Amino acid sequence: MSGKTVIVLLSGGLDSMVCAGLAREAGARIVALTIDYNQRHRVELESAARIAAHVGAAEHIVLPLDLRRFGGSALTADIDVPKDGVGTDIPVTYVPARNLIFLSLTLGLAEARQAADIVIGVNALDYSGYPDCRPAFIQGFEKLAALATRDGDQGVRFHIHAPLQHMTKADIAAEAARLGMDAAMSWSCYDPTPEGLHCGACDSCRLRRKGFADAGLADPTRYA
């Protein structure tokens, strides 16, 4: 990736922060894309801005897309965020087709910037079971990108890099430390308190806390 323009889908979470750090380490010219989808945890947008500045992104685009108009998720509708542990079923925090929507927008930006590399922080090990985080989805989207774009029609091969896909949350926390990324810049909680703290009980908080504990690292997160 050295010297290449790379589009990093930057939510502001720990995973996307590590992806941005990896792109910086590779010497890429980073264009960060953050989607403001009117999510419950909009505080992550502030984290995304801090991370983009920290990695020296050439551009940081914040794109508004009001998915509350769709609803259907605890992150985009008046549905309680579950706090009873990480289960085996797909939870109500799943946002319908979110990564498909976000990657489609990222692909459009990549083609507009004449970039063929996209980085996304999906994870298929320590995660909430979302179907759009699985390897088959990423592989399928690469094929779609070749069929759906002018550049693809002209032989450009888009690469969807998911460097964290087979890492545990402990691996990801350790990678953040190796990269010199301050994890306190990132935001994971789905249901922040009015005081601006991580709730400590939603799936995302539980996975984050467990990751730091399993890695034997101090967790800089402020929990309620």
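Keep in mind that glycine also has a Cβ here, set from the backbone N, Cα and C atoms.
Record features (Swiss-Prot):
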type	residues	note
BINDING	LEU10, SER11, GLY12, GLY13, LEU14, ASP15, SER16, MET17, VAL18, CYS19, ALA20	ATP binding site
BINDING	CYS189, CYS199, CYS202, CYS205	Zn(2+) binding site
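Positions of the features from Swiss-Prot, shown on the structure.
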residue : record              : DSSP class
LEU10   : ATP binding site    : coil
SER16   : ATP binding site    : helix
CYS189  : Zn(2+) binding site : coil
CYS199  : Zn(2+) binding site : coil
CYS205  : Zn(2+) binding site : helix
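Among the binding-site residues listed here, namely CYS189, CYS199, CYS202, CYS205, CYS189 has its C-alpha nearest to that of LEU10 (ATP binding site). Cα of CYS199 (Zn(2+) binding site) to Cα of LEU14 (ATP binding site): a distance of 16 Å. Neighbour counts of Cβ atoms within 10 Å were compared for the binding-site residues LEU14, CYS199, CYS202, CYS205, and the top value is held by LEU14. For CYS189 (Zn(2+) binding site), the same-chain residues 6+ apart in sequence whose C-beta sits under 8 angstroms from its C-beta are HIS41, LEU197, HIS198, CYS199, GLY200, CYS202, SER204, CYS205. Scoring each of the binding-site residues (LEU10, VAL18, ALA20) by how many neighbouring Cβ atoms lie within 10 Å, the top position goes to LEU10. Counting Cβ atoms from all protein chains shown, SER16 (ATP binding site) has 25 others lying within 10 Å of its own Cβ. Apart from LEU10, SER11, GLY12, GLY13, LEU14, ASP15, SER16, MET17, VAL18, CYS19, ALA20, the residues listed for ATP, the same chain places the Cβ atoms of ALA48, ILE51, GLY121, SER186 within 8 Å of the centroid of those Cβ atoms. Summary of the Zn(2+) site environment: with the site residues CYS189, CYS199, CYS202, CYS205 set aside, the chain residues having Cβ atoms within 8 Å of the Cβ mean position are VAL81, LYS83, SER188, TYR190, ASP191, PRO192, HIS198, GLY200, ALA201, ASP203, SER204, ARG206, TYR223.
Its Cβ taken as reference, GLY12 (ATP binding site) is surrounded by 23 other Cβ atoms within 10 Å in the chains shown.
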